[in-house]
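All remarks here apply to the structure that follows.
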């Protein structure tokens, strides 16, 4: 009976024409990047990133493992592992100013997401979300969150989720976050105060707003964006921004 009631409730949410969940978190110029980091992006090749990478205030020395080729104009680099461009604060104008704005917007987005009030759910399942089926809303966790089995997020294309996580976030090896009902990765925001680990062969979905380090391990994927206030580490990983890069 519990499953039947849940199924009816979820169906009602998905079929509703009214957007459910909190007001969207605005990324500003940070939305131009698949990966944006303040202290560097390191990579064990080959990884694949289908949009731009940016690092600031650290310079180009903070981008490793991509075999960068500088543009003749000096404002960006390219890599065979990156479909877009790689920008660093030490490159030529207008890159430094553009990155400063993007980082400012990233920090504001994190602050906005973490400071939302009146959560719909607090410490759901004590942070153990493996196997759960969730509905749109604001989720607050005063400790860490672990996902050890597939997680299902339901909703339509205008519905939203915000996860406020005071500790770490970990996705176990081989585990998937599945979005159903037309829910978009761009509308799922994970604001994490501690480190994020996406284990080998797992599949993560959503916008990662990390206060500290984000690690994406071997053959794992992130469909969304990684916006970190310290370092991003890729190990033969894939980062996919759905749709048009920067949009």
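First residue shown is number 1, and so on along the chain.
Cβ coordinates are placed from backbone N, Cα and C, and glycine is handled just like the others.
As annotated by Swiss-Prot, signal peptide applies to 1-19. Marked as site 'Ice-binding' by Swiss-Prot on the basis of similarity to another entry: 64, 146, 218. Taken from Swiss-Prot, the feature N-linked glycosylation site applies to 219.
When the alpha carbons of the residue listed as 'N-linked glycosylation site' and residue 64 (site 'Ice-binding') are compared, the span between them is 18 angstrom.
Neighbours of residue 219 (N-linked glycosylation site), defined as other CB atoms within 10 A of its CB across all chains, total 15. A C-beta separation below 8 Å, combined with a sequence spacing of at least six in one chain, links residue 146 (site 'Ice-binding') to 127, 128, 129, 130, 169, 170, 172. Calculated from their C-alpha atoms, the gap between residue 218 (site 'Ice-binding') and residue 64 (site 'Ice-binding') amounts to 17 Å. Counting every protein chain shown, the Cβ of residue 64 (site 'Ice-binding') has 13 other Cβ atoms within 10 Å. Cβ neighbour count for residue 218 (site 'Ice-binding') (all protein chains, 10 Å cutoff from its Cβ): 14.
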